[in-house]
Structures are given as C-alpha cells and as structure tokens.
Protein chains: 2
Amino acid sequence: MSRLLVTGSEYRTIPLACQLFQSREPLPLDCGRSLETFQIAYQTYGELNADKSNAILVCHALTGDQHVADRHPMTGKPGWWETLVGPGKPVDTTRYFVICSNVIGGCMGSTGPASINPATGKPWGLDFPVITIDDMVRAQTRLIDHLEISELFCVLGGSMGGMQALEWCASYGERVFSAMPIATAARQSSQNIAFNEVGRQSVMADPEWRGGRYLEDGTNPAKGLAVARMAAHITYLSDDALHRKFGRNLQNRQKVTFGFDADFQVESYLRYQGISFVDRFDANSYLYITRAMDYFDLAADCDGVLANNFTGTKTRFCLVSFTSDWLYPTRESRAVVQALNAVAANVSFVEIESDKGHDAFLLHEPELFDTVRGFLESARAKRGLPAAGRA
Amino acid sequence: MSRLLVTGSEYRTIPLACQLFQSREPLPLDCGRSLETFQIAYQTYGELNADKSNAILVCHALTGDQHVADRHPMTGKPGWWETLVGPGKPVDTTRYFVICSNVIGGCMGSTGPASINPATGKPWGLDFPVITIDDMVRAQTRLIDHLEISELFCVLGGSMGGMQALEWCASYGERVFSAMPIATAARQSSQNIAFNEVGRQSVMADPEWRGGRYLEDGTNPAKGLAVARMAAHITYLSDDALHRKFGRNLQNRQKVTFGFDADFQVESYLRYQGISFVDRFDANSYLYITRAMDYFDLAADCDGVLANNFTGTKTRFCLVSFTSDWLYPTRESRAVVQALNAVAANVSFVEIESDKGHDAFLLHEPELFDTVRGFLESARAKRGLPAAGRA
C-alpha cells in the first residue's frame, strides 16, 4: 500500500514511505489567497469496504505527520499513535480503512513553506500563505473526494488533530458520522498563543533563519528551533510527570558540577528533545502550524456562539480530556460539550485521570483505549456496520 | 542616604543610586573556590534604632535588585516592591530599617560575571564561579556584619527571595528573629529546572553570546535573552490572568493579518517584556542566578530531611502562597510548614486566593499586605519593639 520514494528538490529532500495526492484544482484559503496546485502526502492502513462506509480519518498534532501506525522513514521510530491504531488495536485496521495525511503547511511531503514556489522555482519560505485549521481541513476534503469517500465513519485526533476534527464537524458535518476530538479546544487560549509566540521568536531570533530563506542560503536555524521545541515540550508534560520521571536526579554524577552542562536528568532529556526534533522538522513549518493553531477560534466564525457551528448536527461526538493536561485542560473540552448539548447533539465526554499531562493522549492510557474502542463499537452498531468479531 | 554614582568599566557601566560594601575578606563558595574580594550594592530605607533591633532584610527575586522601594536608576520605574515597602506601607520604613542588597552573581553593582576579574583585568564571564543561594546569603551576612547588626528583626522575600529567607533561617537562624518566605520552595522542582534550562539554552544559542565573552567582544546576546525572558514571563502569570488581561484580543486591528507580526495583544505584551528586559539585565547573570535556583535543595544538605535544617529554631515564621501560582505552588510552602511543625517551630501559613499567578506577590494583593503587616506587628510585640502608632 505504501512505497518508499524520495521527494523534494535541491533544497530539501525527504524519504516518503506513503502515497501522494496531487491536486490541480486551486485551493482557496482563509487569508484570501489560494494555492494554485498542492500536494498531500498521506498514509492508509486497512481496506476500504465496498460501500466505503468504514473510513476513519486520523488528524495529526503540531509536529506529527501521516505515519500514525507505521515506522517513520526519517527517525525509524514506530508510528506516533501505534498504541491506538493497528490490527486489533482500538482503531482496528483489520476492520477500518484508516487515512492519515500530513497537513498543508507541514514538511513531510504535503505542500508547505519548504515546498518549491512554482512562481519562483525556489522554496516558498515566508511567501507561503499563512494557513488556518480550516484551510488544512479544506485540503483534506479534496483528498477524501479523491478517495471517493462521501462520508467518513469517524474523524479523530488529539491536540491540533482534535481542532481539525472539530473543524470537520463544523464545516463538513454532513460528511462525518462520528468524531473524537481528544485533549483539544475550540479555540487557542491566550497562554497557548503565548507559548507558541515564544517558539516562533526563538526560531526567528536565530540568525541562520535568514528571514525564512535558510533553505536557499544553505543555513539551518537549528538552535532556535531546538529551544522552541524544548519550551513546548515542557507544556506537553505535567509537573507531576516531570517529578516522577526525573525529580532532581543528577545526570551520571554523584554531585552537581557547578557549571552549565546538563547536571540534571531533566536538562539532558530536554536538550535531547530539542536536538532530535530539528533533524526531522522544518523551522518555517513550525511557524506556520503554530500560527494556524493560534488563529483557531470556532466561535469567532459564528458571532461568538460556539454552538452555532453545530446547529442540526447528526454527528455522534465523544470528547476526551486528561486531568493533568494544562495545555488543553478539561474545561476546554467541557465548553465544546456544553455547546453540543445546546444543539441537542449526540455527545459523550470522558475525563481521564492521568498525571502524564497533555502527552497522555499519545501514551499508554488503557482508559483512552477502552473509550475509543467502546465509542467506535457503538457508532458501528448505529451505522449498521458488522460488530467486532464479525467483521 | 543614597547617592547616584556610576560604576563599571569600559565593558559595562551602570548608574548606581545606592551604597556599596567592599569586602576585602575572601568569600568561600559552595563550589570549593572563593572570591578573594567582592562588592555588594545595597539600598537602605529608614533609620536603624539605637539597639539595632529594627532591621529588616528584603531579598530580591531572579531579576530583581536593591531598588525595592525607590526609583530604578536604569528604567526610571518605581521600586519593585513599593506596594509593600515604604512609609506607612506594611513594611513601614518610618519604623523599620530596611536593607535590600543585590545578590552576588547579579548585575546591578554586586560582584558577578560582568564584573572585572582581578586576575585578568577582563570581565569574568564564565570564569566566574558558579554560585548558590547559600553563597548569596553568606555574602549578605558580611554586609549585615559590616552594618554591625547582630540579629535581623525579619528576613523576607518572594520567589528566589524566599529561598534566601529560608537559607538564612537554616544556616544563620540565630541571627533571624522572624522570617517571611513568600511564594517559594525549599527546593527547585523538576519543571522549574526545565524552564530555567530553556532560558539558558536560549541565551547560549545566541551567536552573540560568544561563549560568555560578549562584553569583551562588544556583542550582545539580546535576542536569546529576550526569548528566555518571554518564556519565563509566562510562568509568572496564570492561564486565568492571561485570559482576563488579554484573552484573544487583537493588537490595534479588527482582523488577524495572516502574518507573523504580533497579531494578538498577548504576543505584543510578551515581546515588550523580552525587549525591555535586555536593556537592564546581563545575560551571564541570568545564567548564574537561574543555576543557583536550580541547585537550591535545602533537604539535600540535611540527608534529605528538610526539618533537620530547622532543629531548635527560635525564629518566628510566616509562609505565604497564592492559589494560582503554578511556579511555586502552595504544596511547596506546605512542605516547609510541615518541616517546621516537625521541629515545633513557631509558624503560620496563609494561602491567598488570587488568579494572578506567581506574580501576585509583586502586585496589589490586599490580603498579602494585611498578612505582612499583621505578622510584623505580632513579631514586634514579641521582640519588645514599640507597637505601631507608638514608634
């Protein structure tokens, strides 16, 4: 189903072990500009059934990509949600046809700021239009059209993936039978904009960023991007998780060194997170995708009334939050649930007790697995798909 | 009492509106090295009484300095704790003799990495020894000796100032009649080390940092330091405070600009915090002082038993925390209170309801003012000083 190919240019070359969808139809964007052509890199797992009723779209988070359940071609690591997606897993690929696509603005094969601008023959850089979550989803609808799927059985995702799931339901609800927005919000909070802004300023402060023209100049704002990742990574965890994992443990030493090397394990861990990230991610993509998150505010599109996004919805919803997630805390999910209740939508909500912070949605959380399995099974029955064990 | 003088060298010159204490006695440091000579810049307010029993030492936080209650000579802004310290204020300078000194490692006149290394005639840079909170306090004891004060009526401070207050009680308890550690902890948490490490990495990633030799090279790691300050500043606030203050309000515009300028007010605010900070603070001092905070762990010095620091203490304690402070949350203060209870110390504890986050200790918080006033008044009575109104 997937093949290894190398895509790119003299500026940035990445190995792709997935499929490519080329759109020749212009994509109008919220900023008023449009992409004349664009490409989406995507991965699929399982088989689409005869009436195309078993398709699940998994939406990735800020630094994720299409490799939700297969080995990453650059890092060699398992798919980012292999805990949840695969044969016999809660999102069972022996039963569902799972699609995961790299968002536009991304850097793993979909059109983004590191792609070649057809008008200049050079990487877009900051000439790439600023995109929104809505734009990402609009591009995804083209892929789903291309796959000739009229209705998705489920759209699910965590964090920015959950924003996309909500946007699908708000803008293309008639094409979504069920949805699971996990550890997410209907709008980016002030504090989250603030953290994203720190990350962007860190990238742009790096002289190797060159006003976004680093690919042409052969430079690499790796240090700025690494610091951005370090700051963001703290927000993915929790105080308790850090305390349990690292505490004040020292790094291979009995005593502090009275210097600025990584004395504490938590310092060493963070540095590794920063350094390993820059090998696989494009700095400008980081700017564009964080910007899309910051602009996300579903209520603002409906005169400030979130519920108006979902009037008359037939989609079945299940929202999930984690108690120690301070990036997208439970109250954000609750606000969505209240809006859905206001339009009498079919919605369930699970708050999972966990000390792992925002990252919990990517980790071993049996209650999450049970929730996803149970919700999909119940939706299968409603949709008239064969139940588990009788696929 | 204070005078405006200019101190420094060809490398860094700062206007000083305070007093200077020059020590010719070597200062042994926790790292095993010592400072042969050192200087402390300090400010005093009010008059020392005849038996020298009314002295209050105020200890400053990470980026604070000696100008607790008078206009800052570089920024022109009011003293950083003028809400609390001054004539008729809770720390009443018509009644108490208030001392506030710049910590060693700092950059407002006390010896630090921007000072001239006598051995080379050049700024210390990273050759300056790594210091600890204990070292800062040991240097302060020399200043208090110089002022011929045998016992401080009170030592108080917030955040890193609270760490110093605790260190005073642990190491020089016989010289402290009462102490108010506010919004602080007996050890730096893993998460706080992580945030400090992001700040240090941001400074050190700036090519103008030059391995710490920027003063000699005539460069300035302003961008790296600004990003460090931005990240730290978020931790001083709270999600609620940011939401109340900024929400998703746009900056002078009706609509988002689809670009990377500061669209949101919170972005503009953070950028200002970063830019204005670098004008008054030395990048290497930021490294040294954050390192001192990270190394702070009072229990570690006593075989892991925090209470052992305070065995037999006669000091009267009052600890204060704020409900929305997630940098030094209430549980950190509670741990100190429990340790003090274990040695039957005289301790009170107030958790103040506030949505302002860690910064609450510096802001208009009437319950804090009442608490400080009440605690000092009660300690005055015990100490046999004249009560308020009969000074």
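Each residue, glycine too, has its Cβ placed from N, Cα and C.
TrEMBL: automatically predicted annotations, no manual curation.
DSSP assigns A:Ser159 (active site, nucleophile) to coil in the three-state reduction, outside any helix or strand. Taking the Cβ of A:Ser159 (active site, nucleophile) as centre and 10 Å as the limit, one finds 27 other Cβ atoms among all the protein chains shown. The active site, nucleophile annotation in TrEMBL covers A:Ser159.
The annotation active site is assigned in TrEMBL to A:Asp325 (among others). Its Cβ placed at the centre, A:Asp325 (active site) has 29 other Cβ atoms within 10 Å. When secondary structure is read from DSSP and collapsed to three states, A:Asp325 (active site) falls in the coil class.
The annotation active site is assigned in TrEMBL to A:His358 (among others). Sequence-distant contacts of A:His358 (active site), defined as residues of its own chain at least six apart whose C-beta falls under 8 angstroms from its C-beta, comprise A:Ser159, A:Ala183, A:Thr235, A:Tyr236, A:Leu237, A:Ser238, A:Phe322, A:Asp325, A:Trp326, A:Leu327, A:Tyr328. In this structure, A:His358 (active site) is part of a helix by DSSP.
Annotation comment: TrEMBL describes A:Arg229, A:Asp359 as substrate binding site. Proximity of A:Asp359 (substrate binding site) to non-local residues of its own chain (separation of 6 or more, Cβ distance below 8 Å) is seen for A:Tyr236, A:Leu237, A:Ala241, given in sequence order.
Residues annotated as domain 'AB hydrolase-1' in TrEMBL: A:54-364.
The number of other Cβ atoms within 10 Å of the Cβ belonging to A:Arg229 (substrate binding site), over all protein chains shown, comes to 23. The average pLDDT the prediction assigns to the domain 'AB hydrolase-1' (A:54-364) is 97.
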